[in-house]
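Participant: Input: one structure, supplied below.
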Amino acid sequence: MTSSVPSLRIGNGYDVHRLVPDRPLILGGQLLEHPAGLGLDGHSDADVLVHAIMDALLGALSLGDIGKYFPPSDPQWKGADSLVLLEQVVALVKARGWGVVNVDAVLIAERPKLKPHIEAMRSAIALRIGVAPDQVGVKATTNEQLGPEGREEGISCQAVALLQAL
């Protein structure tokens, strides 16, 4: 039996950040207002949606995770715009001969209500990946007041990416 590289690859990503005062709340590149004035804590802009998508893209090609490329110990990534980091991850994927078929993600947060911002998130992510907005799925759900997301201690995101050999 001969070995061949499949023409499709799938990757999973996950990220979570703590909600804290005096930080911006950025999701999918959009600056949002939390009713309690909270934002996500992190070395970069802490955009859990974009971080989960980056990890899914990297995972599809067994390239590690975003911490390998943008370590929080490196001062150059302090306050970094995650959409700019996403462009770098996509360039890495393309340099290895792969293209993005689609990405799909689910945000888990009690507040703020995310539905009014979903289309803007999808468009911003699609632009940075270089795909049409209908190739970027973003959904939001609550955790029914269970766990850290339910207690509004943080926001998390799960993502999946499908890649195709170019």
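Cβ coordinates are placed from backbone N, Cα and C, and glycine is handled just like the others.
Take a look at what Swiss-Prot says about it:
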- Asp15, Val16, His17, His43, Ser44, Asp65, Ile66, Gly67, Thr141, Thr142, Asn143, Glu144, Arg151: 4-CDP-2-C-methyl-D-erythritol 2-phosphate binding site (BINDING)
- Asp15, His17, His51: divalent metal cation binding site (BINDING)
- His43: site 'Transition state stabilizer' (SITE)
- Thr142: site 'Transition state stabilizer' (SITE)
Participant: Select one residue from His17, His51, Arg151: among these binding-site residues, choose the one with the most other Cβ atoms within 10 Å of its Cβ.
Facilitator: His51
Participant: So for Asn143 (4-CDP-2-C-methyl-D-erythritol 2-phosphate binding site), how many other CB atoms are inside 10 Å of its CB?
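Facilitator: The Cβ of Asn143 (4-CDP-2-C-methyl-D-erythritol 2-phosphate binding site) has 16 Cβ neighbours within 10 Å.
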Participant: Highest CB neighbour count within 10 A among the recorded positions Ser44, Thr141, Thr142?
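Facilitator: Most Cβ neighbours within 10 Å: Ser44.
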Participant: For His51 (divalent metal cation binding site), find which of the recorded positions Asp15, His43, Ile66, Thr141, Asn143, Arg151 come within 10 Å, Cα to Cα.
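Facilitator: Those near His51 (divalent metal cation binding site) - Cα within 10 Å - are Asp15, Ile66, in sequence order.
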Participant: Find the shortest Cα-Cα separation between Thr142 (site 'Transition state stabilizer') and the recorded positions His17, His43, Ser44, Ile66, and name the residue that gives it.
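Facilitator: Out of the listed candidates, the nearest Cα belongs to His17.
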Participant: Give the three-state DSSP assignment (helix, strand or coil) for Asp15 (4-CDP-2-C-methyl-D-erythritol 2-phosphate binding site).
Facilitator: strand
Participant: Take the C-alpha atoms of Arg151 (4-CDP-2-C-methyl-D-erythritol 2-phosphate binding site) and His43 (site 'Transition state stabilizer') and report the distance between them in angstrom, rounded.
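Facilitator: That comes out at 23 Å between the alpha carbons.
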Participant: What are the sequence-distant neighbours of Ile66 (4-CDP-2-C-methyl-D-erythritol 2-phosphate binding site), meaning same chain, six or more residues apart, C-beta distance under 8 angstroms?
Facilitator: His51, Met54, Asp55, Leu58, Leu85, Val89
Participant: Looking only at DSSP and grouping its letters into three states, which state does His51 (divalent metal cation binding site) belong to?
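Facilitator: Note: His51 (divalent metal cation binding site) is helical by DSSP.
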Participant: Compare the C-alpha of His43 (site 'Transition state stabilizer') with the C-alpha of each of the binding-site residues His17, Thr141, Asn143, and give the closest one.
Facilitator: His17
Participant: Tell me which residues of the chain lie with their Cβ under 8 angstroms from that of Asp15 (4-CDP-2-C-methyl-D-erythritol 2-phosphate binding site), as long as they are six or more apart in sequence?
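Facilitator: Correct list: Val48, Leu49, His51, Ala52, Asp55, Ser156, Cys157.
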Participant: Where does Ile66 (4-CDP-2-C-methyl-D-erythritol 2-phosphate binding site) sit in the DSSP three-state scheme?
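Facilitator: In three-state terms, Ile66 (4-CDP-2-C-methyl-D-erythritol 2-phosphate binding site) counts as helix.
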Participant: In DSSP terms, helix, strand or coil for Asn143 (4-CDP-2-C-methyl-D-erythritol 2-phosphate binding site)?
Facilitator: coil
